[in-house]
Amino acid sequence: MATRIEEAGSPGPTRRRPLWPLHVLTAVVVVAGIAAVALRPLAPDLGGVPDPARWFDADHLAAVEAYHGPRYLLRLLGLALRIAIPCLIAFTPTGRRVVAGLVDRMGGSTRPVLAGAAVVAAIVVIVDLAVLPLNVWLGWYHDGMWGFSTQSLPEWLWHWTRNMAAIWLIVAAGAAGALGLARRAPRAFAPLAGLAGGAAAALLVLAAPLVLEPLQHRTVPLPEGEMRTDVSRVIEAAGEDMDEILVAEASARTTRQNAYVSGLGATRRIVLYDTLLEARPPEDVGMVVAHELAHHRNGDLARGTAAAAAGVVAAAYVLAGVMGRRVRAGKQRTLADPRGAAVAVAVVVLLVNGSAPVAMNVSRDMEAAADLGSLELTGDRDVYLRQKAEIGRANLSDPAPPTWARLLWSSHPPAASRLEMGERWPLDWRGPVRPHLRVGGLDEEQQDR
């Protein structure tokens, strides 16, 4: 049995090192990711989506259908393009010729990592440009017609270009790193790429508030006043110490009302859209903050990061298996062969889109638990019901989307389900982990405000 190998980039024969420690470590990451999702607080299952007519009148539901109908069709078309284009490039003779030509122009024989990264980046850019007309119609024209987009077309395109450029750079850097690993350590590619990718996912979550979010909107601290006082009361009732409460100047792009929590550790923050602050009374904003605090207390960002790392590790093993099989079949010379980069992109695209329904289901469960957490923290069902209904109306959210659309794209429960939870509250927590939230955390004087 051979005990020595010669890998690309090594000065000569080297002794095989056992890979089992790396495989054990990746298994730990996967198990931790699964446990982070499985062992979490859960809101009780309230059954199917209730009839939205209980909360929304016929005119509103007709407007929802008119707004979302074409969106669903174009989003399906966009999804089809995002899957079809990489597969056509990877698996058709014409696509393979195009890839080979690009590899040759990039000096693939002497600079395989650069050539492979160029192939990956080129495919991603081509796909994004192919769906750009759909996104312009959806995000600028259609949203503008319905009063959501506040940007001119040049402003919208500049915002899109700036955001996509950051994504393209990240993709190119990630591809170069993966190809470099495949070239230097082909035997250990799966565990090393999985661990490196998982670490990169965690780093992105940590750094996103400082690096990526400023590309979306400018933020300023929430100013002193009645609004900050109410928000601070909610934070105090939750037993949290969070000074980083920011206002995003989202009105420069949209009229939608929203808020989110992001970051980990020192970068953790709550961000409120200025459109939310302008349209909602302080107690409604306090309920929104309670929801975001529940995410933090449930550890949702950390759990999501662990799950993402587990997914990256699993994807790395699948990718290594597919590419290794191609090498053994003589379809490419090595794992790092830049002519196989298009196949790698297609595999990743299929994995990401194939796992999307699972990811969306996990996200909806987390959001439902955060909704229940906001009720437990504030103890104010009336404000919860009003806030959910009125923001749903303002954003023209589909209160009961089709099942297929919910599976593909819904990261939050339908508005009708969220309102049903409010009407049935109080409810018992479910799941192996129960968060320590105060029931009715605000005193009567604070709730009466």
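Glycine residues also receive a Cβ, built from the backbone N, Cα and C atoms like all the rest.
Bear in mind that TrEMBL entries carry predicted annotations, made automatically and left uncurated.
Feature list (source: TrEMBL):
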TRANSMEM  20-39  transmembrane segment
TRANSMEM  72-92  transmembrane segment
TRANSMEM  113-140  transmembrane segment
TRANSMEM  160-182  transmembrane segment
TRANSMEM  189-212  transmembrane segment
DOMAIN    222-420  domain 'Peptidase M48'
TRANSMEM  301-320  transmembrane segment
TRANSMEM  341-360  transmembrane segment
Recorded stretch, among 20-39, 113-140, 189-212, maximising Cβ pairs under 8 Å relative to the transmembrane segment (160-182): 113-140
Surrounding residues of the transmembrane segment (189-212) on its own chain - C-beta under 8 Å, 6+ positions past either end: 19, 22-23, 25-26, 29, 166, 170, 174, 177-178, 181-182, 262-265, 267, 269, 301, 304-305, 308-310, 312-317, 319-321, 335
Chain residues outside the transmembrane segment (341-360) and at least six past its termini with a C-beta under 8 angstroms from it: 79, 82-83, 86-87, 89-91, 95-96, 99, 115-117, 119-120, 123-124, 175, 178-179, 311, 315, 318-319, 322-323, 326, 332, 406-411
Long-range Cβ neighbours of the transmembrane segment (72-92) (under 8 Å; 6 or more residues past either end): 98-99, 123, 126-127, 130-131, 134-135, 137-138, 342-343, 345-346, 349-350, 353, 402, 405, 408-409
